[in-house]
Amino acid sequence: MPRSVHSPFLFEAAWEVANKVGGIYTVIKTKVPVTVREYGDRLCLIGPLSYKSAPVEVEAEEPGPGPFGDALRSMQDRGVKLLYGRWLIEGAPRVLLFDTGSCYDRMDEWKGDLWNLAGIPSPPNDHETNETIVFGYMVAWFLGEFAARETDNAIVAHFHEWQAGLAIPLCRKRHIDVTTIFTTHATLLGRYLCAGSVDFYNNLQYFDVDHEAGKRGIYHRYCIERSSAHCADVFTTVSHITAFESEHLLKRKPDGVLPNGLNVVKFAAMHEFQNLHVQSKEKINEFIRGHFYGHYDFDLDNTIYMFTAGRYEFRNKGVDMFIESLARLNHRLKKMGSKTTVVAFIIMPAATNSYTIEALKGQAVTSQLKDCVEQVTNRIGKRIFEHACRYSGEHGTEVPNPEDLLSNEDRVLLKRRVFALKRNSLPPIVTHNMADDANDPILNQLRRVQLFNRPEDRVKVIFHPEFLNSNNPILGLDYEEFVRGCHLGVFPSYYEPFGYTPAECTVMGIPNITTNLSGFGCFMEDLLESPEDYGCYIVDRRGQGVEESVDQLTGQLLSFTTKSRRQRINQRNRTERLSELLDWKSLGLEYAKARQLALRRAYPDSFNDDEPDFTGVQKVGVPLSAPASPRMRTGMMTPGDYATLTEEMEHLSTQDYMGAKSWKGINDDDDENHYPFPLVMKPRKRSDSLASAISGTATPSGGRKLSEKDLARADAALSNAEGVHADGVNGHH
């Protein structure tokens, strides 16, 4: 008897479940609430057990009776150590963590089985691969035990990244009755190739992937990743740019794109997040006063704070382009005679020895000056009060003589504190003593372009080689607080499968700059008619050379710097409105579509055309907004619908199925019109064949252009979709 597809179990496996390592932890953690609302206790997250993080992340429970508990007890009886309980986050999902160390005695047997099964080699000294193999076999073991006991309902297993994906080919080979989805957040080979300064996107189709992986010593890892992608029922990526990359490097065209989202906290009133910006900005101002003591000759009310942040990947994160653009911006501002000062922060962790003496001294002397001024102010206030109390109207004046307010002792104290601010050196460009100062790429480029924080420079630079936290003695802010206090985030990445940093800026109402080689940049560019009107600037790194891209970025920085305060406030309001596009309440629909597509492929007979299709028109409750909400490229779509999993246009590339029903963007920065926010999913009719779904692949430089045959096929497919006209197809490049 076939399994029921109406109440399936969902297992989601990732290396970062209850174990913060990187960005996938954020994806899993923030997505949980919407998934729990759909599945309840039919959802269980699976990951490796970290004895360091598990005690503070998970509340242990005993599994109850039933197929799930029986499967766990069966494994425990055979020596498997595991932790089952509730993840202590919003939604409190069930979580199952396997202790890979408890099965290391089986590792050689499993490595041999993997070689016989798939021809995948496994070097003995690669600890990460060893962990991946053991974890993959343990997950496949559990799924087999559970599927043998739970025979009524369908089972969906969703795997994130190659470290968790090995269970997919094992389930396929063992004929375990589970439906599998594999999501790659970045390809292994892509990261290595981009870090090697190759012209990655223009040569993507020409790489000999086996040779390149072998040359870099990651062939065995690449094989695991590729087998996971090919054996999964549904293969997805997090962005179109990664889909294009996966098609050429993993040799399978993804079935769709599942963009990353965030849990968006909406404020009751528009002014609330503006107030948070002002409060956080004042804390940054305090740091700036200390850092630039002795050369603090600029107006903080006429200062723009920019920043870039992330892992220290000098080229992949576009730090080289950012610094070059800052140097050109500095030249232009000086040439214009501008009074505006730009302070650019670079927040990236690197090897350091300690804080610099100058950075610590600056904060200390300004703090002492502030305390001294407060003491003197209190004494002056007391003298004014005493004078007013003694005034009788017969002699003296109502207001004391200003010279009598400041005593000689106060004058000496103030002079000492002010003289302590004098210094002969320039403000430092880095807050820490670097472990390898002479070879640090960021410092070397700052020296090359001569950004040394000179008094005449309009652009000042501060490199903070450590992630932010509120206990920092120099810049004591958490990352979120710091972002809220800045005016602009700059992330001109060359390789960025999605990019949470610009997304976090958007949710907090901070304008940002990204590129069309980042997943987030592609997402916003394809979704909005004029993203720059809403504070999302996109640098073209796909269709033009480096010099042109640097000039474009410099122009965007200059344009933002010359905005008035009112224009910046209006733009922040619009940027904050974009947060609804990044909310999991909307983007969670894309994961639901992927799961349904997987079930349709595994159990086609369980679906019939008379059933309502959940990919039909679904209105997302978004009110009329003030100020104006973003205008979409098409009036009939959800935030992720341009990447939706459909089956009509299997042969078309991403650009073949972009909606083109344009809305005019806002041109006036001060315009505050009201108009609707049309978030409606495109209605689609099912194809007769369930063999494939749309490929979420983009075609950056080197990709093909649309042929007449492609356009005709797109027209035919869209003409079958209710309410969507055939002239909405766009071969957009």
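A Cβ is built for glycine as well, from the same backbone N, Cα and C atoms used for every other residue.
According to Swiss-Prot, the features are:
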BINDING   Lys20, Arg311, Thr501  UDP binding site
BINDING   His185, Arg191, Arg311, Glu496, Gly499  UDP-alpha-D-glucose binding site
BINDING   His271, Glu272, Gln274, His277, Lys281, His487, Arg568, Arg572  alpha-D-glucose 6-phosphate binding site
COMPBIAS  689-700  compositional bias 'Polar residues'
REGION    686-710  region 'Disordered'
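Under DSSP, Glu496 (UDP-alpha-D-glucose binding site) is assigned to a strand (E or B) in the three-state scheme. Put simply, Thr501 is the one of the binding-site residues Lys20, His185, Arg191, Arg311, Thr501 whose Cα lies nearest to the Cα of His271 (alpha-D-glucose 6-phosphate binding site). Taking the Cα of Arg191 (UDP-alpha-D-glucose binding site) as the reference point, the closest of the binding-site residues Lys20, His277, Lys281, His487, Arg572 is Lys20. When the alpha carbons of Thr501 (UDP binding site) and His487 (alpha-D-glucose 6-phosphate binding site) are compared, the span between them is 14 angstrom. Cα of His185 (UDP-alpha-D-glucose binding site) to Cα of Arg311 (UDP binding site): a distance of 16 Å.
Using the Cβ center of His185, Arg191, Arg311, Glu496, Gly499 for UDP-alpha-D-glucose, the list of other same-chain residues with Cβ within 8 Å runs, in sequence order, Gly23, Ala186, Glu313, Asn316, Ser493, Tyr495, Pro497, Phe498. Here the C-alpha separation of Lys281 (alpha-D-glucose 6-phosphate binding site) and Gly499 (UDP-alpha-D-glucose binding site) works out to 24 Å. A distance of 29 Å separates the Cα atom of Lys20 (UDP binding site) from that of His487 (alpha-D-glucose 6-phosphate binding site). Remark: of the binding-site residues Glu272, Glu496, the most isolated position is Glu272 (fewest other Cβ atoms within 10 Å of its Cβ).
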